[in-house]
Amino acid sequence: MNEEKNYELWLDNYFFKPNFWQKCLAFILLPLSVLYAFFAILNTFFRKKIVFKKPVISVGNLSFGGNGKTPLCKAIAREFDGVFIVLRGYKRKSKGLFVVKNQNEILCTLTQSGDEAMEYAFEENIKGVIVSEDRVKGIEKAFELGAKIVVLDDAFSKFHIKKFDILLESKIKPYFNFTLPSGAYRLPKFYEKRADFIALEGRDFVRYSFVKENPKAVLVTAIAKPFRLYEHFIKARACYFFKDHYEFKKEELENLLKKHNCDTLMLTFKDFVKVKDFGFKCQIIELNIELKDSLREKIKTYIKEFEQ
């Protein structure tokens, strides 16, 4: 458990707040970053452009890890009717296309969908959720099931799909502008020019979270960049960070509660969907995003193009 925590913190520090030795490592790995960038760029070419007759919106980011894509996708679904979410379904134990939710009915298990897809499935305003490695097939299935708008979670690099690309920029930026493994970027930073809209935190959207202080709670989370929850660390008796998408085990969580003489798990909804059947008392950290007019109006303008 401590290894998981140390691993996550080391990665966060390496990409965002590196010490002297981590900076040295980043420069040593720079040749690999150049090679990675070359193949990443190559992968964006030589594919036929696919155009859909209904709105397709992509919410993505250039950097490694979470920047708030999930709450932003949820925020879009709250603003517009008939939204289906299509995503890869990272860390799911299934392959191919799965309809996770259709018209408010959940149709598969957590292991088939993955944690992010199941989190979307519990969102009332989202009409459908589909996981598919092939995003084109996922989009086609969504429109077949009656979607009015498809929102793609983490599909900025899918340049063969004609879509409205929203690129998220968090207040917390990587220390270096390098691609992996020297930096946190999955594509070279100049690729941000290919976005239709760069959404800046504070200007185009507001991020907020809430949870009541509970001295009888242990905060556990398996999200990318757990330091996003820093304001809530003092609200629990102890905090434990695991790798993104980590599969919690009931016994280890029981041991954590016993160790700190607590009776409640404090976690995000993404974490909750993985432990909800364990029978623990849980306290949810609400993570939400509110769209500002600048972003809301841009999306409305794009959607209206399909109404003509």
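Every residue gets a Cβ built from N, Cα and C, even glycine.
Just so it is clear, the model here is predicted, and its values are computed rather than measured.
Record features, source Swiss-Prot:
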type: BINDING; residues: SER63, PHE64, GLY65, GLY66, ASN67, GLY68, LYS69, THR70; note: ATP binding site
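Sequence features annotated in Swiss-Prot and their locations in the structure.
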residue : record           : Cβ within 10 Å
SER63   : ATP binding site : 25
PHE64   : ATP binding site : 19
ASN67   : ATP binding site : 26
GLY68   : ATP binding site : 21
LYS69   : ATP binding site : 24
THR70   : ATP binding site : 24
According to DSSP, does SER63 (ATP binding site) sit in a helix, a strand, or coil?
strand
